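Student: Input: one structure, supplied below.
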Amino acid sequence: MASNTVYTSLIGLLVALTVRSIYRVYFHPLRKIPGPKIAAITHLYQHYYDAVKGGKYIWKLDELHRKYGPIVRFNPNEVHIQDSHYYHHIYAGGAKKQDKDPGFPAVPLFPGVTVTTIKHNHHRLRRGIIKSFFSKQYVTGLEHVIQSKVNLLASRFTEAYRHGTVLDLKYVFAALTSDLTTHYVYGTNLNHLAEPDFKNDFLAGMDSVGPWIPVLLVFGRLLKLARYLPACLVPAGEFLHLWTLSERRVGEILDSQDNGTMGDQKTLLQAMATADVSEEEKTATRLQMETLNIIAGGTETTARALAVGVFHLAHKPSLLLQLRDELRTVMPFPDSSASWTQLEQLPYLAGVVNESLRLSFGFIIRSARVYPNDPLVYEDLVIPPGTPISQSAYFVCMDPSIFPQPEDFNPDRWVQAAREGNNLHRYLIVFSKGSRHCLGINFALAEIYLAIATIARRFDLVPYQTTVEQLQMKRDLGFAAPEKGPFTVRAKVTGLAD
């Protein structure tokens with residue numbers, strides 16, 4: 001009897017899977033979108049390249065586009081478009097409603113966070129709570145804090161020169177960005193810049209979990225369990241230590257609010273805790289999730305852009321010398337400082353900053369948008385409402401029709417484009433675009449401008465056991481990753497500029 005029940009269940013399952021497969025291929029709303037039938041039938045096709053191959057699905061996507069064209073249905077429910085000129089239609093601004101894809105793996109891990117908020121109106125409310133803290137005016141008011149940390153960083157470069165120390169630029173610049181971001185959010189200083197080897201448990205945690213990202217993308221909902229495991233049992237145990245720190249800081253702020261001892265200092269966390277919104281938007285869990293996410297986003301991406309930029313200046317001394325000549329117009333002496341506003345006006349420096357961002361790629365994982373009410377039209381194909389649609393930032397950053405010889409670090413391309421009135425910034429999409437673009441863009445740009453200007457004006461550097469090829473993307477681990485190991489950029493300070 002039991003065997004008959006099992007047999008009947010298996011037959012029923014087989015029939016159900018067959019019916020579902022037929023529906024997805026021949027009757028699904030996306031049936032007219034080009035792509036392999038196996039991808040239309042099952043997510044396992046995508047999961048194989050993500051989880052088994054280790055972050056290689058981005059290259060399979062590229063292959064599918066070469067075969068099927070610029071629009072591809074790459075899993076049963078989602079469409080990918082590889083057309084740089086169409087990017088702004090997917091990641092649009094204005095009042096047009098666009099939701100987050102509820103299937104995005106980070107949604108269950110970071111509930112209550114602005115960037116993972118699914119519904120358009122709810123996202124707009126949460127974004128509005130913190131938006132003013134990321135305005136250019138507000139960031140400019142904190143420029144003295146950024147410059148003081150950059151000066152401390154420069155003193156560490158001088159120390160490295162005197163002792164012949166090899167610098168891991170990602171960790172060096174992450175010390176700067178994590179200290180600044182944590183100060184911005186909590187009003188406290190983790191003081192990574194004072195660590196002898198720029199020790200950063202948070203970044204070490206991100207490096208540890210990196211190889212697991214493709215697997216976690218497949219089993220996204222299991223990520224929630226990681227929060228309840230002892231740090232010693234989790235590959236990124238160091239990451240969870242920051243979780244504990246954020247928990248404590250949020251508790252302190254809420255306690256000070258309750259007993260009236262918060263004081264006049266206004267941090268991002270305090271602004272969130274005192275915002276005129278419903279209490280469910282100010283729970284300890286949501287405040288912790290939101291602030292932790294901001295620190296994560298503000299640490300690695302900006303540090304990576306700085307590491308990429310400084311590496312290329314070290315790799316091609318002619319670029320560094322050209323930049324230094326320009327910097328002398330506003331920074332006549334090595335220890336001179338210039339404002340962010342002054343630095344933004346320097347064309348070659350702007351080109352260096354833009355190339356640093358472009359070739360660091362930002363957050364490259366597909367982050368689909370869903371238009372709940374409106375269809376999108378691409379060429380002669382109608383993408384129905386409710387369809388997750390994405391475009392990887394990597395393909396825009398490396399589009400040879402926009403950026404000729406895209407693998408080259410070429411600041412002059414931006415100088416020439418500005419001279420000719422060609423708006424290349426339209427395709428600098430490392431902060432995304434539209435109503436859900438990264439709020440931290442102004443803070444990140446201020447850090448990058450001030451840090452690159454200071455380092456380039458004061459120091460000569462050479463790469464150390466790092467090649468251009470090692471910076472090229474081979475795997476999609478959320479961030480661009482080399483074939484093996486974490487992203488690493490090392491250099492030595494060889495001289496002090498005059």
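Quick reminder: no glycine exception, Cβ is built from N, Cα and C everywhere.
When I checked Swiss-Prot for this same protein, it listed these features:
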type	residues	note
TRANSMEM	5-27	transmembrane segment
CARBOHYD	Asn259	N-linked glycosylation site
CARBOHYD	Asn354	N-linked glycosylation site
BINDING	Cys438	heme binding site
Student: How big is the Cα-to-Cα gap, in Å, between Cys438 (heme binding site) and Asn354 (N-linked glycosylation site)?
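Tutor: Computed Cα spacing between Cys438 (heme binding site) and Asn354 (N-linked glycosylation site) is 16 Å.
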Student: Does anything in the same chain, at least 6 positions from Asn354 (N-linked glycosylation site), have a Cβ under 8 Å from its Cβ, and if so what?
Tutor: Pro411, Trp414, Leu424, His425, Leu428
Student: Name the secondary structure element type, per DSSP in three states, that contains Asn354 (N-linked glycosylation site).
Tutor: helix
Student: Validating a neighbour-count step here. Other CB atoms within 10 A of the CB of Cys438 (heme binding site): how many?
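Tutor: Taking every protein chain into account, the count is 19.
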